[in-house]
């Protein structure tokens with residue numbers, strides 16, 4: 001198999017004629033920071049953790065997508081590499097089993113890439129695009145091997161089911177909920193923060209991240225145990241969504257002015273709260289940062305209650321709750337460093 005460096009070099013050849021890559025300076029010289037660096041987040045009591053195989057898995061997964069995804073230009077290749085999708089997955093799931101982390105990296109990477117495609121589509125076209133991918137993911141329909149999004153998803157889900165059918169199938173429906181939320185017309189009419197957070201729980205893919213974490217860690221819970229985690233997961237979804245929105249706002253605001261009026265429509269907690277409260281964008285971000293730290297405190301309180309409860313708390317449940325904490329702290333670390341937002 002070619003090394004990642006060899007793959008990048010070979011990919012660059014078809015694009016050397018493109019104006020935007022001729023004599024272009026290194027990436028670090030072309031990146032213009034979008035985020036307001038004068039806004040300092042309040043201190044957190046948490047620390048992030050990254051999966052120990054991050055470098056190895058990132059090279060493997062990035063190499064796979066460089067060979068199979070149809071990037072339109074070498075600039076798009078550099079943007080993809082700068083986003084570090086496998087790194088965020090390893091930050092989301094640092095406790096994943098060594099032989100499962102690559103599955104999670106592949107799934108989140110292809111979903112990020114599909115999200116970028118949808119940004120340039122109408123809701124109707126995006127819905128049709130996703131509806132084609134859903135039965136392929138289930139294994140009910142064979143993929144068109146000329147379309148990377150189809151065969152990548154098909155092969156990935158088949159390999160996940162071969163590894164652990166029960167837990168892989170538990171990830172399916174949450175993935176579809178996430179995909180449907182991407183083209184939900186409700187995002188055009190959200191003007192209240194509470195309504196937004198309810199919608200965003202689907203759009204941020206919280207159920208997907210939770211199910212994928214259980215798959216990656218090999219955790220099995222009864223229906224009652226899963227139900228008992230709902231409040232913790234809902235709280236986690238709010239924190240994840242808002243941290244993501246704070247860091248991605250400037251990039252998404254820019255995209256809303258240049259992209260498709262529906263696919264790139266700006267739907268963000270920053271925008272919603274700014275309009276609702278009549279605060280400026282920097283002030284709104286500061287308010288939202290305070291809210292994220294309060295949700296972290298709520299998480300710690302719920303965890304402490306569960307551990308101290310008379311019914312006790314299994315080691316699997318403790319690992320899962322710690323995993324949710326790492327999702328939040330890992331998401332913040334990635335969001336403030338990825339070139340996707342900065």
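Each position is counted from 1, following the chain as shown.
Note that Cβ sites are derived from N, Cα and C of the backbone, with glycine treated the same way.
What Swiss-Prot records for 115 is Mg(2+) 2 binding site. Sequence annotations record features per position, and here Swiss-Prot assigns Mg(2+) 1 binding site to 115. According to Swiss-Prot, the feature Mg(2+) 3 binding site maps to 244, 248, 252, an assignment based on similarity to another entry. Summarising the annotation, Swiss-Prot assigns (2E,6E)-farnesyl diphosphate binding site to 340, 341. The site 'Important for catalytic activity' annotation in Swiss-Prot covers 92, 112, 178, 334, and the record cites similarity to another entry as its basis.
Overlay of Swiss-Prot feature records on the structure.
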residue: 92; record: site 'Important for catalytic activity'; Cβ within 10 Å: 27
residue: 112; record: site 'Important for catalytic activity'; Cβ within 10 Å: 15
residue: 115; record: Mg(2+) 2 binding site; Cβ within 10 Å: 16
residue: 178; record: site 'Important for catalytic activity'; Cβ within 10 Å: 20
residue: 244; record: Mg(2+) 3 binding site; Cβ within 10 Å: 21
residue: 248; record: Mg(2+) 3 binding site; Cβ within 10 Å: 20
residue: 252; record: Mg(2+) 3 binding site; Cβ within 10 Å: 22
residue: 334; record: site 'Important for catalytic activity'; Cβ within 10 Å: 25
residue: 340; record: (2E,6E)-farnesyl diphosphate binding site; Cβ within 10 Å: 19
residue: 341; record: (2E,6E)-farnesyl diphosphate binding site; Cβ within 10 Å: 20
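Using Cα positions, the member of the binding-site residues 244, 248, 252, 340, 341 nearest to residue 112 (site 'Important for catalytic activity') is identified as 340. Neighbouring residues of the recorded Mg(2+) 3 site, listed in sequence order and excluding 244, 248, 252, comprise 245, 246, 247, 249, 251, 268, 335, 341 (Cβ within 8 Å of the Cβ centroid). Residue 334 (site 'Important for catalytic activity') and residue 244 (Mg(2+) 3 binding site) have their C-alpha atoms 9 Å apart, to the nearest angstrom.
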